[in-house]
Amino acid sequence: MIFAALIYCHIAASLCVAQQPIFTPYKPSGIYAVGEKVGWTAHVPQGTAQGLYTYTVKKNNYSVIKTGTLDLSAGRNTIEVTLDEPAMVYVQVSRPGSSESVTLGAAVAPEKLRPSVPRPADFDLFWDSKIKSLERIPENVVLTPGESDKPGVEYATIRMDNVDGKHIYGQIAKPKREGKFPALVIFQWAGPPYPLQKQWVTDRAAQGWLALNIEPHDVLPNAPQSYYDALPEELKNYHLIGREDRDKSYFLQMYLADYRAVDYITHRPDWDGQTLVVMGTSMGGQQALAVAGLHPKITHVIVNEPAGCDTNGPLHGRASGYPNWPADNPKIMATALYFDPVNFASRIKATALVAIGFVDTVTPPVGIWIAFNQIKGPKEVVPMIDSPHNHQATPEQQRPYTVRAEEWLNTLVRGGKVTPRQLPSQSSTADRSNRNPSLHVESAPPADQPVPRTDRNSMIAHAELLEKRKKGRIDVYFLGDSITRRWGTSDAQYKRFLENWRQNFFGWNAANFGWGGDTTQNILWRLYNGELDGVNPKVIVLMAGTNNIGNRSPEGPDDPRIADVTRGIKAILDICQRKAPGATIILMGITPRNDNPAVMPIINKINENISKFADGKRIRYLNINDKLADKDGRFREGMAMPDGLHLDVKGYQVWADALKPILTELLGPPAKEDHAPPPTGDPSARGQQ
C-alpha cells in the first residue's frame, strides 16, 4: 500500500463539546508532507471558558517534543508542530487546574515506519517446530450442542486438546441447514478470564457464517461469573507468565490454540473451502495477526487496534502498549519478539483490514502502523483519527472500523470479493503536479463507497443531524453539501437564506440535512450511519457531486470523474430508496462552477448521465442550470456568491420556484402550520457569533 510522506490529522472529542475548545486542522484533508507545518486552529464556542490552556506534544506517544501555553482569551489561537521524520503525534490540551483534556493526533509519513529491531533469525524455525509439536497431539474435539436462542441457527460449545496437557474452549454456530459455509474465527480481547457471549457466534451464523469463537485461556467458555472470580490470581495476570522464556511464555499456548482453532475449521466438511476470516480487537487482533502469519489457509484478517505490536519500541523512542512488558529487562525484550505481531505480519498472505486509533494509549498507533507496513499481501488501513482504545471509545469514534468491517464481512459471506481501499499518496501526486500543475490529483476512494468526515466539527454536526431526524415531522428531506446546507441553516451569516427557505417551504415540513464540504462518499456515510433512518419523508431533494468534481481542469473528454461521480450519485439514490421506500426523490442536476469554468463539460456530462436515473415517478430529475446561468455555464447576475460556486438568494429562489410546483403536486398546497424540526447549523460557527 502506498502512502509516502503523509500526515493524518484528527480532532478527538474526549469530553463534552460545550466545555472544550474546538480544534480545526490547517488542512481539511488532514494530509501534510514531512517537514510541512502542521497545526490546529483552536477557538472557543459560546459557553466555553476562555483564557489559558496548556498543551504537550509527544512523538510516538513517548517523548515530549514540545510544550506550550495556548492563550484563548481572545477566543482563538493555534498549535503548530513540524516533524522531519516518520512518527505518530499525540497532543494533549488541558486547562490548568482541570483534570479534563482534549486530545489531538496525527501520523507523519506512516508508510515509512519500520520495526524497532530485526525479526529474530530463528523466528520461522521456532514457530515451525512448535506447530509440528502441536500437530502430533490429536485434536480430540468434543462438541456439546446447546440452544442457540436464534431461529435457524445451530450452536455448540467446543473443547480441543492443546500442548502441555492444556485445553482449548470455545463456542461454534452455523446455519441450521445442509450446505457449505464461509468460516469466521473470532479471537478475544485481554482481561482476566471471562465468559463468551453466545450472540457473538449466533448472530454471525444467522448471517450465513460458520462461526467459531475461542477463549484465549484454558477455561470454560460459559460458566457462571463465580467460576471466573475464583480462578487463581496467576491466571488473571497471565501476561506475566513465562515472559523471560519463549518456551514458557503464556502467549505460546495462546497462539497455538488459535492455530488449532483455525486448523479445525479447515477439516470440517461444512466449510466452503474458499473463505476463512480471522478477526479480533485488541489482544484478539494481536492473535489474529499472529495466526494469519502462521496458517496458510486463512484468506482474510480483520483487526481493530491490535495489541502487542512493536514490543521493543520503548528502547527506540516509541511507546509500546499491552502487554506492557518492561523494556528494562533484556530477557523479556528478547522473548517478546517471538510473540510480536510485527514479526508475524511479513508472513501474512491473506487480505488484511487493520484499524488504528490515533489517540490510543493502550495499544499505541505507531506499532500498529509498523505491523501494517510489514504485511506484503493486499491490505487496507482504517485510520480512526479521533479514537482511543476500543473500550474507552464511543461508538462514533469506532464507527470507521465497524462500518468497514461489516462491509467486508457482508461481501465475503455472500461469496463476493473485497477490494482494499488505498489512502491518497501525496508524494506521487506531487510528482505529477511538478510535470503538469493541472494534474495535481490525490487518489480517493470510489465515489460510491461511504467515507466518514472525521474532523471533530463534522462529527458534532452528524450527531446533531441524528437528533434532528427524531424531532417534529419531516415530509421534505433536503440532502446534499454546502449548496444545500446554507439554504436552511441557523448560521447567523446565512440568515437571509433561512428567511428565503421559510418563505418558500413553510407548511411542507421541510428539513435540511446538507453538510458543507461533503462528497458523495461522505453523504453515503451519513446515510449508512443513521441520518435517514426512521424519517420516512414523502419527498427527498438531492443535490450532490460538486465536491467530487472540484475545480481541477478536465483530463480529457473521458475524465474519470464523470463515471465516478455518476456511480456515486446512483449509490445515494439506491440507499435513499432502501431507507425511505415511500419517498419520491427529486434529483437535482449539479449546478455550475465558475471558480473554473473549464469543468463545465464534466458537470454537463454527469448531469446527462444522472438524468437517465429518473423514471418520472419514484425519481424525478430537475436541472435549473439554464435559469441560473448562460449557455456556457456563467452565472447570471445575482445568482451566485462571489466564489462562483455557492448560490445567493436570487439563485435559491430560482431553485425554489422549480421545486414548488412538484411539491404541490406531491404534497398539496403548503399548510398553515409547519412541524419540521428547528434548523441546525455549523457547530464551529456558533463560537464566532
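Cβ atoms here come from the backbone N, Cα and C positions, even for glycine.
Lifted from TrEMBL, the feature list:
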type	residues	note
DOMAIN	113-310	domain 'Acetyl xylan esterase'
ACT_SITE	Ser282	active site, nucleophile
DOMAIN	329-392	domain 'Acetyl xylan esterase'
ACT_SITE	Asp360	active site, charge relay system
ACT_SITE	His389	active site, charge relay system
REGION	416-456	region 'Disordered'
COMPBIAS	422-437	compositional bias 'Polar residues'
DOMAIN	478-654	domain 'SGNH hydrolase-type esterase'
REGION	668-689	region 'Disordered'
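Mapped onto this structure are the features recorded in TrEMBL.
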residue	record	DSSP class
Ser282	active site, nucleophile	coil
Asp360	active site, charge relay system	coil
His389	active site, charge relay system	coil
Cα-Cα, Asp360 (active site, charge relay system) versus Ser282 (active site, nucleophile), nearest Å, comes out at 11
Length of the line joining the Cα atoms of His389 (active site, charge relay system) and the residue listed as 'active site, nucleophile', in Å
8
Far apart in sequence but close in space: which same-chain residues, 6 or more away, have a Cβ under 8 Å from Ser282 (active site, nucleophile)?
Trp189, Ala190, Asn304, Glu305, Pro306, Ala307, Tyr322, Val362, Thr363, His389, Asn390, His391
Would you count the other CB atoms within 10 A of the CB of Asp360 (active site, charge relay system), including those on all shown protein chains?
25
